[in-house]
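**Q** So TrEMBL lists these for the protein:
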type	residues	note
BINDING	B:HIS81, B:ASP92, B:HIS201	Zn(2+) 1 binding site
BINDING	B:ASP92, B:GLU127, B:HIS392	Zn(2+) 2 binding site
There are 2 protein chains.
Amino acid sequence: MYKCSLERMTDKIKTFSKYGDAGHGGITRYSLSEAALQARAEFRKRMEAIGAIIEVDDVANMYATLPGSDPEAKRIVMASHCDSVKNGGNYDGILGVMSAMEVLETVAAEKIPHKHPLTAMIWTNEEGSLYPPAMMCSGIVCYDFLPEDIRSKFKYEDMMKSVSILDQKSTFGEALAKSGYQGDKKYRLSPEKYQYMFETHIEQGPILEDAGNDIGIVDCVLGMFNYRVKFYGQTTHAGTFPMPKRKDAFLAASKAICYLHEKIDALGYPELVYTTGEVVCHPCVHTCVPDFFEFSFDARHEDPEVLEKVLDIVKSCADMDWGGCSCEVTKAWNRDTVYWDKKLVSYVKEAAEELGVSHQYIHSGAGHDAQFAAYMLPTTMIFVQSKDGLSHCEPEYSSPEHCTEGASVMLGAVLKADRD
Amino acid sequence: MYKCSLERMTDKIKTFSKYGDAGHGGITRYSLSEAALQARAEFRKRMEAIGAIIEVDDVANMYATLPGSDPEAKRIVMASHCDSVKNGGNYDGILGVMSAMEVLETVAAEKIPHKHPLTAMIWTNEEGSLYPPAMMCSGIVCYDFLPEDIRSKFKYEDMMKSVSILDQKSTFGEALAKSGYQGDKKYRLSPEKYQYMFETHIEQGPILEDAGNDIGIVDCVLGMFNYRVKFYGQTTHAGTFPMPKRKDAFLAASKAICYLHEKIDALGYPELVYTTGEVVCHPCVHTCVPDFFEFSFDARHEDPEVLEKVLDIVKSCADMDWGGCSCEVTKAWNRDTVYWDKKLVSYVKEAAEELGVSHQYIHSGAGHDAQFAAYMLPTTMIFVQSKDGLSHCEPEYSSPEHCTEGASVMLGAVLKADRD
């Protein structure tokens, strides 16, 4: 039974945390930025040091491959991303890349025999923090395999024109051309060349920590829907319009938020999560009654019937009177639950058991590149415990010990898959 | 008993509505914009046509004066503004200027004898829509007379540096220099040269219309306070964080909005108005639980004790637990009720009675340049009925008949004041 190296993993965490260091414990490392290119150079250097072959596809996805003993065998790939959100932490995404590197380094150092070529991979622009959307380059690469309504959002030409949220001008296509990482389309991940995909990631939630388990055996990415709930009132002057005649869209939305929490919580599904994270208020002036207020509504659960019940409640807002304001409920998008490959999930579970690592089954509430890859290849994920469940912020933390355990579990699972 | 001319007033309304016409029934006429300069040129042309002397002070306030029979008598001024909010209506501000012009035109046409010089005046930048703050140039001109906490916001040097909300670069001072309307400080409104001030304005609320009265005899500008209510939670990922552990700042704010309406409405003051018009949400991303939410709280009532009771309720939010979120209540600013000069109010009432115009006493909930002038000169206001109470929007409307009645009432009141 092989184990990854705590010392090597600790060194990688320390090294990669420098690229995009924002100076107070976290990083800002937009895809294809100077900091992201430094991380890619580090990846290349370390992978070349163990004899891996580097390939880069046309959207800068990077592949480092150790050949296997069977020249006919397809590759097994371990992938995640090295870009971050603004003022993000040192683990989201990059832990999956470091874990893949660590697996290859362990295989090389311990001369572990393997039949299949093993590939560590970096997905470009998973966060979409600078150039939306998120999961852009897995969307492009898996395009032909995605369901129609998801696919339509990842047209190659549209993605190249995605505009920087910072300058509202420069495009992803320009950043790609300038990066020096625009390789060849023939190197793209494909079912012809690749057999399985694994992704290790931090949990980004508190479930493992609360349960006292180090590792999560992820079985699915939760289905979800995203709607917009809009209220239309009448703007009037703050000083001149009597209260009973007002149609205040913000008051309407506030009442609706309270109503939604009451009704949805009464359904009694402890695993359901729902979020109203984005708001728009108009005219948003302290001397005007708002005539428009909108919030996003994101709900996630494994069971589509549960989501259906929640959606019914959300939709019921449109039929109610909100103090003279009308309400409109519109669909933004949804996705079905994506189940990981059962055989790969069982490999991960067996590996965790053999290593004696505390573990449990868990769903992924967040989206990951792996879920697009799953439409193309048998795929699964491994979660590593997150401190306080925090992510997409600077206090995001997973201990080097847990990170190394995650890599060891992935190594064990990959070696089981290698026997197929 | 003199009456103003419906025909002349109708022509002025039609003419001024062209300057800044946004193409769908209203105007955008930022102070010192091309459209505002056209309105000023029209004012000058019409006032010169009746022999009025034009003066412009150092912040572009314009004065058109018809001499009186007594060379020792101080001027009586009628003033309002010709700038608008973005996509505003054809009456807010400009009605007061047109009414002042109409009074002078009637005096000239009917050769009405008067002792005091009579002045029609345009205040620069009342709305502050492009260069904040609102009531900028009355703040500058009345500076020495304002209460300390109001005055501190209208320092001449600061006002000149006020930056355009459109380009975030050009300043009010630059716009003033370019306008051709930067005159001489010696022409500023002052108690040495001016005896009384009147301002006619649309009501901007539905009270007169609901009561079936054409004209409002305004007795005061309501006292008010403006606070910010802030909620601090914890941002987490929308998909990965269980509901019971969340600290959702938007949910906290929504509950607080409902709480505030319940408690404040229970106080039972029908004339009280309060508004939560401006919101800030962070990070305002549909996949993140908000960790910060802030709303403005504006309350207005004549009686400071009522405002005190409302403020106590608002402040009580800070001591409550909002689902794990903390709350902070901070003061933005407040102002005391400004009462108009009792003698001038009685002149307005007598004039309305003599003309047989339906009228009532009313408070002003909105702020006006006249309230700053009131610290310097005996001042009062006249309101004209607003259709549906709408203002600061394109459907804003007052009939030519009501507008002409307003001017006639002001003429009557000015002629009474002329006897002093």
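Each Cβ is built from the backbone N, Cα and C atoms, and glycine gets one as well.
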**Q** Here the binding-site residues are B:ASP92, B:GLU127; which one has the lowest number of other Cβ atoms no more than 10 Å from its Cβ?
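**A** Per-residue Cβ counts within 10 Å for the binding-site residues B:ASP92, B:GLU127 bottom out at B:GLU127.
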**Q** Of B:HIS81, B:ASP92, B:HIS201, which is closest to B:HIS392 (Zn(2+) 2 binding site) if I measure between C-alpha atoms? They're all binding-site residues.
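**A** When the Cα distances are compared, B:ASP92 comes out closest.
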**Q** List, in sequence order, the same-chain residues at least six positions removed whose CB sits under 8 Å from that of B:HIS201 (Zn(2+) 1 binding site)?
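**A** Looking at Cβ-Cβ distances below 8 Å from B:HIS201 (Zn(2+) 1 binding site), excluding near sequence neighbours, one finds B:SER80, B:ASP92, B:GLY93, B:LEU95, B:GLY96, B:SER364, B:HIS368, B:MET381, B:ILE382, B:PHE383, B:VAL384.
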**Q** Among all chains shown, work out which of the binding-site residues B:HIS81, B:HIS392 has the most CB atoms within 10 A of its CB.
**A** B:HIS81
**Q** DSSP secondary structure for B:HIS392 (Zn(2+) 2 binding site), reduced to helix/strand/coil, please.
**A** coil
**Q** Cα distance, B:GLU127 (Zn(2+) 2 binding site) to B:HIS81 (Zn(2+) 1 binding site), nearest Å?
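**A** About 8 Å separates the two Cα atoms.
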**Q** Using the centroid of the Cβ atoms of B:HIS81, B:ASP92, B:HIS201 as reference, list every other same-chain residue with Cβ within 8 Å of it (recorded Zn(2+) 1 site), in sequence order.
**A** B:SER80, B:TYR91, B:GLY93, B:ILE94, B:LEU95, B:GLY96, B:GLU126, B:ILE202, B:HIS368
**Q** For the Zn(2+) 2 site given as B:ASP92, B:GLU127, B:HIS392, which other residues of the same chain have their Cβ within 8 Å of the site's Cβ centre?
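**A** Same chain, not in B:ASP92, B:GLU127, B:HIS392, Cβ within 8 Å: B:SER84, B:VAL85, B:GLY88, B:GLY89, B:GLY93, B:SER129, B:SER391.
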**Q** Applying an 8 Å Cβ threshold (strictly under) against chain A, tell me which of the binding-site residues B:HIS81, B:ASP92, B:GLU127, B:HIS201, B:HIS392 fall inside, in sequence order.
**A** B:HIS392
